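Presented below is the structure to which this report refers.
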């Protein structure tokens, strides 16, 4: 009987959670339809990621995407899955994917009111060595009265109504940020549902970990070089920060959310506009971190305030615990004033 007593009979799934939030806001239920469909794609991708070796899904598919990355077989599969489930949710009108050069306009008979920007498989260069990868998404409402077009996706991150990511790691986790905050759901493979495990997640005010690719150190600007040196050799003789960098944005940002600290993918001499894409990488992650009480900046401005001009626009990003990001900004402003 003890085993039965330990089984939760009042579980909160993603569907239940979003329905409850929609009921409070007197919503139409379209967001529930959209997120339900997205969860279906995430479950399918999670299974595909775990079966990749057996199903011969590793390796290059023979093409490059619009941003020049080599496309893996799993990328192609994941993109097709997300596009198809979002179209069939009857809740979307415009889809922007890292893998497609142009925005996808949903057929008139399937259209809803939401615009979704997504990276179907972020960190895919890590697939072959089994490092954690993920799916990132940002959801906007269509605000123009015109027929759906690519322009509907060119909204600042402040307009997001929901954003988040799925992390395919030792378990599959869905992190969902909405107006009410950030909540984490774990995929229970036994019942095939995402179960709420962490409600109203908040990032630490200050962490003890910094995360960036120091292989580009020779191209860092002086402000970044000074900041990293202060983390390694604190001027007040406090404990130095630990360095952690996976190279998969979902994994690095999730660790930053859970443990605190700072994640940086700044501009440098080789990439003056940064390397990460604004609509489906920077904005969703910035939204999650801000809703958790953190900060996200380019150094010059808040990430969520950027008005995009291109669906594949790039942006620098520095995000994490508010005290850590504030310290970075103080050093950045000091150097900018010189």
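Note that the numbers count up from 1, one per residue, in the order the chain is shown.
A Cβ is built for glycine as well, from the same backbone N, Cα and C atoms used for every other residue.
As written in Swiss-Prot, here are the features:
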- 2: N-acetylthreonine (MOD_RES)
- 18, 19, 20, 21, 22, 28, 29, 30, 31, 32, 113, 114, 141: AMP binding site (BINDING)
- 98, 119, 121: Mg(2+) 2 binding site (BINDING)
- 119, 122, 281: Mg(2+) 3 binding site (BINDING)
- 151: N6-succinyllysine (MOD_RES)
- 208: phosphoserine (MOD_RES)
- 216: phosphotyrosine (MOD_RES)
- 245: phosphotyrosine (MOD_RES)
- 265: phosphotyrosine (MOD_RES)
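Shown here: features listed in Swiss-Prot, placed on the structure.
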residue: 20; record: AMP binding site; DSSP class: helix
residue: 119; record: Mg(2+) 2 binding site; DSSP class: strand
residue: 141; record: AMP binding site; DSSP class: strand
residue: 151; record: N6-succinyllysine; DSSP class: helix
residue: 216; record: phosphotyrosine; DSSP class: helix
residue: 245; record: phosphotyrosine; DSSP class: coil
residue: 265; record: phosphotyrosine; DSSP class: strand
residue: 281; record: Mg(2+) 3 binding site; DSSP class: helix
Give the maximum pairwise CA distance in Å, whole number, for the residues 18, 19, 20, 21, 22, 28, 29, 30, 31, 32, 113, 114, 141 listed as binding AMP.
20
Near the Mg(2+) 3 site, what residues other than 119, 122, 281 in the same chain have a C-beta no further than 8 Å from the centroid of the listed C-beta atoms?
98, 118, 123, 134, 135, 136, 249, 250, 276, 277, 280, 284
Using DSSP, would you call residue 98 (Mg(2+) 2 binding site) helix, strand or coil?
coil
Can you tell me how far the Cα of residue 18 (AMP binding site) sits from the Cα of residue 119 (Mg(2+) 2 binding site), in Å?
22
Work out how many Å separate residue 281 (Mg(2+) 3 binding site) and residue 119 (Mg(2+) 2 binding site) at their Cα atoms, rounded off.
7
Around the Cβ of residue 151 (N6-succinyllysine), how many other Cβ atoms lie within 10 Å? Please give the count over every shown protein chain.
13
Suppose we draw a 10 Å sphere around the Cβ of residue 121 (Mg(2+) 2 binding site). How many other Cβ atoms does it contain, all chains included?
29
Which of these recorded positions is closest to residue 121 (Mg(2+) 2 binding site) if you go by CA atoms: 20, 31, 208, 265?
265
Non-local Cβ contacts of residue 31 (AMP binding site) (under 8 Å, 6 or more apart, same chain)?
18, 22, 91, 114, 139, 161, 162
Mg(2+) 2 site shell beyond 98, 119, 121, criterion: Cβ within 8 Å of Cβ centroid:
75, 78, 79, 97, 99, 118, 120, 122, 124, 135, 136, 280
Would you count the other C-beta atoms found within 10 angstroms of the C-beta of residue 29 (AMP binding site) for me?
13
Counting every protein chain present, what is the number of Cβ atoms, excluding its own, within 10 Å of the Cβ of residue 141 (AMP binding site)?
16
Fewest other CB within 10 angstroms, which one of the binding-site residues 20, 98, 281?
20
